[in-house]
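Here the structure is laid out as structure tokens; the discussion comes afterwards.
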Amino acid sequence: MKLVDRFRGAATGTSRRLMVGAVGAALLSGLVGFVGGSATASAFSRPGLPVEYLQVPSVAMGRNIKVQFQSGGANSPALYLLDGMRAQDDFSGWDINTPAFEWYYQSGISVAMPVGGQSSFYSDWYNPACGKAGCTTYKWETFLTSELPQYLSANKGVKPTGSGVVGLSMAGSSALILAAYHPDQFVYSGSLSALLDPSQGIGPSLIGLAMGDAGGYKASDMWGPKDDPAWARNDPMLQVGKLVANNTRIWVYCGNGKPSDLGGDNLPAKFLEGFVRTSNMKFQAAYNAAGGHNAVWNFDDNGTHSWEYWGAQLNAMRPDLQHTLGATPNTGDTQGA
């Protein structure tokens, strides 16, 4: 029996607590290295690309939010790229670890990478987000669905509706939830290697452990105790009907924990990907049972919890995004070349 399979069975009492601790240790060690690592200069976008560093005012969060931005042209649709559990405050993990701006240059899609949001699940928290660095306000859903699209529309000529949102790991479930509740804004949602049933089973306990390690945050400050309605409200498995009713175009990816020549050949990355895969398969079944018919499912026979695979998926989905968002490539623009 595979290691990950041993943790998926039912457990109660002492065995359940031991299971949470064991899985939590693996999750934490995986998150430390693979959901937002250290920035290296060579990983950033090449010089010459028209990447801007915006300071977007947020009344909801009481501060300016840094957003890395690349225009897709006048009246272009937007792609919001959301970071992982260990999102940094200086640059987006998407820019640190992938050439995302390069891939989407002249695609006709404006790319927005909000910076920050460690352990936030890009949600509106009940309470202040208090961690090792102090307390701040997390109202990310309000920012992403109201303040940021209004700013980009007014200042950068970006369409406020008909956008796409893609997230990895922590933010994969966030991307689906944002699309479920804001269908006019997000007609496309991509989830990469996410836990898609966070409110169920040991999910709240594991999320609490991970958030505590990634910044010292408390899950109860985010969504309250595990039986609070906010947990169900932010659970893609329980909100799959909304995605089907909205006819949202979704792209769901998860590997199986086996590395390929892309990399990620280490125990934490392998374990974590294998662990979340089951929830992705269940989500597919729930989507199909609800009558969904507008999805791409990539459950590869390889892939670990690491940026190499998430980047490959983002690059692969570009034509699908362009088609769904109605983007017009601007290959005649030589800016940034």
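Each residue, glycine too, has its Cβ placed from N, Cα and C.
As recorded in Swiss-Prot, the features of this protein are as follows:
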type	residues	note
ACT_SITE	S169	active site, nucleophile
ACT_SITE	E273	active site
ACT_SITE	H305	active site
BINDING	M85, R86, S169, D197, F275, V276, R277, T278, K282, H305, S306, W307	substrate binding site
DISULFID	C130-C135	disulfide bond
REGION	101-111	region 'Fibronectin-binding'
SIGNAL	1-42	signal peptide
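Everything Swiss-Prot records as a feature, shown here on the structure.
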residue	record	Cβ neighbours (10 Å)
M85	substrate binding site	29
C130	disulfide bond	14
C135	disulfide bond	11
S169	active site, nucleophile	29
E273	active site	28
F275	substrate binding site	22
R277	substrate binding site	19
K282	substrate binding site	15
H305	active site	31
S306	substrate binding site	28
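When the region 'Fibronectin-binding' (101-111) is classified with DSSP, helix, strand and coil residues number 3 helix, 2 strand, 6 coil. Note: the CA-CA distance between F275 (substrate binding site) and S169 (active site, nucleophile) rounds to 12 Å. When the Cα atoms are compared, S306 (substrate binding site) and C135 (disulfide bond) turn out to be 29 Å apart. The maximum pairwise C-alpha distance among M85, R86, S169, D197, F275, V276, R277, T278, K282, H305, S306, W307, the residues recorded as binding substrate, is 26 Å. If you take the CA of E273 (active site) and look 10 A around it, the recorded positions you hit from M85, C130, C135, K282, H305 are H305. The Cα of C130 (disulfide bond) lies closest to that of M85, out of the recorded positions M85, S169, R277, K282, H305.
Each residue contributes its Cα atom, and for H305 (active site) and K282 (substrate binding site) those atoms are 19 Å apart. Note on proximity: of the recorded positions M85, C135, R277, K282, the one nearest S169 (active site, nucleophile) is M85, by Cα distance. Rounded to a whole number, the C-alpha distance linking M85 (substrate binding site) with C135 (disulfide bond) is 17 angstrom. Across the residues of the region 'Fibronectin-binding' (101-111), the predicted structure has a mean pLDDT of 98.
For the recorded site, F275 (substrate binding site), the DSSP three-state label reads helix.
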